[in-house]
Amino acid sequence: MPSNKSVSDAPIVQFTNCRILRDHQLQREDLWVREGKILNPEKLFFDEKGSADTQLDCKGSIIAPGFIDVQINGGFGVDFSLATDDFKSGIDLVSQKILSHGVTSFCPTLVTSPPSVYHQVLPQINVRNGGAHGAGILGAHLEGPFISKEKKGAHPEHCLRTFEAGAFQDLLATYGSLDCVRIVTLAPEMKRSSEVIQELTKRGICVSLGHSVANLSQAEEAVQHGATFITHLFNAMLPFHHRDPGIVGLLTSDKIPPGRRVFYGMISDGIHTNPAALRIAHRAHPKGLVLVTDAIAGMGLAPGRHTLGQQVVEIDGLNTYIAGTKTLSGSVATMDTCVRHFQEATGCSVETALEAASLHPAQLLGIEHNKGTLNYDSDADFLMLNDNLYVQATYIAGQEVWRQDASGM
């Protein structure tokens, strides 16, 4: 029987000679795309009696969902925590440049800043689909200023804030608006944080725990109130201790509400986290691991002095420090580098490494029905990679938006 669905005249592209990441496995099958979506070939053949308009030979490449970076502070000379006149062109530049690293969607991240910066910058961040112009914007990640002074890391102390009598109203006054906000990182040990977590969660905003001296019971209470993420695990939190493992203990806690999964970000750049610590986290809770770059303005630029919000940062090789100190401040790693390092450090499967940068961040944000998979009817945001996980081409909504040229650029 023909399908009741009106059959589209839009062209159908069939990607052949590839291995597709689907259902946690690389499968030797073709990928079919129409109108920006992944198509079910059985429906096409049997219901519509249709066929492909174009066939593309992928020459044995891996096809994986596009990467999603939920913590990126900037790159290529652009700092998302600086209120500049050309902020929009800066965000456009970053969204264009990260296509070559396999990122098809991202959350521009602001570190702790004065209220005036949030009030100027946040109205200029618009949620939008990706395309030839660049990666899609899923909403802002606000990391601070409601964090611990003891674990501020690279965040400027004079801008840190606590929740006063108004709690959630304090947060609203600081940020100005939550319209485009997707993630808020806060320290759960702060007084009145529980009501703030509940209010944010109610609005569909993901609450992440980080830059914190919380003990395990405070972290568990935050999860019970709706928190679902940990900002860069191990960095800027109490170190694991066997009598009170702190936030790290959430990875194996038995106090997580049924049906809830706690995700955790990891900066897999070989600097922020020792490979042994990466292996411990991955083996303890593999389905929660989300790769993030935590990239700063200096990503993609030569070593030297750059900014991270209100601070000056020095880049020395792959190390980034607050100028004149040994305090780490974000990374200059790209997402594809993080995926390769993660796979090498943990010895995990190719599928696992790719899902940590695609499926898991999509699940964290509750968008796994559209992004982060190659399931039928999901968005055709995907990458072609070689066996060593180097990106060869990036596609958004089924359109090629970046391809490595013959010279390897």
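Placement of Cβ uses the backbone N, Cα and C atoms for every residue, glycine included.
Quantities reported herein were computed from a predicted structural model and do not represent experimental measurements.
Pulled from TrEMBL, these are the features on record:
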ACT_SITE  Asp294  active site, proton donor/acceptor
BINDING   Glu143, His211, His232  Zn(2+) binding site
BINDING   Ala154, Asn235, Ala236, Arg243, His272, Leu328, Ser329, Gly330  substrate binding site
DOMAIN    62-401  domain 'Amidohydrolase-related'
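Sequence features, as recorded in TrEMBL, placed on the structure.
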{"residue": "Glu143", "record": "Zn(2+) binding site", "Cβ contacts under 8 Å, 6 or more apart": "Gln71, Thr109, Leu110, Val111, Thr112, His155, Thr185, Gly210, His211, Thr231"}
{"residue": "Ala154", "record": "substrate binding site", "Cβ contacts under 8 Å, 6 or more apart": "Val111, Leu308, Gln311, Val313, Ile322, Thr327, Leu328, Ser329, Gly330"}
{"residue": "His232", "record": "Zn(2+) binding site", "Cβ contacts under 8 Å, 6 or more apart": "Gln71, Gly210, Gly265, Met266, Ile267, His272, Val292, Asp294"}
{"residue": "Asn235", "record": "substrate binding site", "Cβ contacts under 8 Å, 6 or more apart": "Gly153, Ile267, His272, Thr273, Leu328"}
{"residue": "Ala236", "record": "substrate binding site", "Cβ contacts under 8 Å, 6 or more apart": "Lys151, Lys152, Gly153, Gly210, His211, Ser212"}
Those same-chain residues, other than Glu143, His211, His232, found with Cβ within 8 Å of the centroid of the Zn(2+)-site Cβ atoms are Gln71, Gly144, Ile147, Gly153, His155, Thr185, Ser208, Gly210, Thr231, Asn235, Ala236
Given the binding-site residues His211, Arg243, His272, the candidate whose Cβ has the fewest other Cβ atoms within 10 Å is Arg243
If we take the residues Ala154, Asn235, Ala236, Arg243, His272, Leu328, Ser329, Gly330 that the record assigns to substrate, their largest CA-CA distance in Å comes out at 30
For Asp294 (active site, proton donor/acceptor), just count the other CB atoms lying within 10 A of its CB, please.
-> 29
